[in-house]
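Swiss-Prot lists 134, 135, 136, 137, 188, 189, 190, 191, 192, 193, 194, 195, 196 with the feature GTP binding site. According to Swiss-Prot, the feature Zn(2+) binding site maps to 270, 275, 277, 283. Marked as domain 'CP-type G' by Swiss-Prot on the basis of sequence analysis: 85-246. Per Swiss-Prot, the feature region 'Disordered' maps to 1-20.
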């Protein structure tokens, strides 16, 4: 008499050693928080090997090593990648972005150098840049801020004027449609109102930060990690600290010159094909600088970035 076949139990999902898919939503050192693609609880992951090449926003494959930990075994193809860099090293920190949102304010006085660098990063990575001028209710400082931003408006950059604290509903109405469905990196100096803006757009941001901080074992007061917040209308907001460390040392000179939109129509008109646009005769960029078509501050930024890039060994 034949025995009835034994019924096999259902196969459990994502057990230890089995691969699963997810997205990196926070990073601190070599510690990463991954949100599983199937909607399960987030887990702390570490990269396989000594070198850490993972960025917030990466789509990854991971293998669980315990109920709440895993190891990242593969990184999906990236659309783009942003770096934080100085002359000694470059560290990737955000990937798969659509937009770059820079928060400025009427006061304190914002750094035009940092604004310029952020815009160059956006152009070099084909991200849509959005400039926010916050605290427009500080009326005494508003005319000067507008005057400083006028050259950027003339270059075609969006500048949104709002007051996150004074008129939060208006701020949300301006920003929400622009962020919906897109992955946006948020940058801003201290004092510009970036944290207030995050809390406006992501109501549970503080709770999420505490949860991620605890999961990273980085201390309850630690907020110096890049993190991704899903948005209610789709898309995501990536908040990264340390705007001052934002560098462009990894860009080649060719990518750098094309990241200035006012340079691009002129590049083919320089006398020399390998023109550096610094002191060469017959340079179309220098001619445009001399007759006022290119702002001196923009060319000075270009020259500074070329100098910085020349100081490192590639």
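Note: Cβ is positioned from N, Cα and C throughout, glycine not excepted.
Structure with Swiss-Prot features highlighted.
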residue: 134; record: GTP binding site; CB count, 10 Å: 28
residue: 136; record: GTP binding site; CB count, 10 Å: 20
residue: 188; record: GTP binding site; CB count, 10 Å: 25
residue: 190; record: GTP binding site; CB count, 10 Å: 11
residue: 192; record: GTP binding site; CB count, 10 Å: 24
residue: 194; record: GTP binding site; CB count, 10 Å: 25
residue: 196; record: GTP binding site; CB count, 10 Å: 16
residue: 270; record: Zn(2+) binding site; CB count, 10 Å: 20
residue: 275; record: Zn(2+) binding site; CB count, 10 Å: 19
residue: 277; record: Zn(2+) binding site; CB count, 10 Å: 24
Restricting the comparison to the binding-site residues 270, 277, 283, which residue's C-alpha is spatially nearest the C-alpha of residue 188 (GTP binding site)? 277
Might you list, by sequence position, any residue in that chain lying six or more from residue 283 (Zn(2+) binding site) with a Cβ less than 8 Å away from its Cβ? 270, 271, 272, 275, 277
Give me the sequence-ordered set of same-chain residues, not including 270, 275, 277, 283, with a C-beta within 8 angstroms of the centroid of the Zn(2+) site's C-beta atoms. 267, 271, 272, 276, 278, 280, 282, 284, 285, 286
For the domain 'CP-type G' (85-246), would you mind checking the mean pLDDT of the predicted model? 88
Give the maximum pairwise CA distance in Å, whole number, for the residues 134, 135, 136, 137, 188, 189, 190, 191, 192, 193, 194, 195, 196 listed as binding GTP. 19
Helix, strand or coil: which one is residue 192 (GTP binding site) in, per DSSP? coil
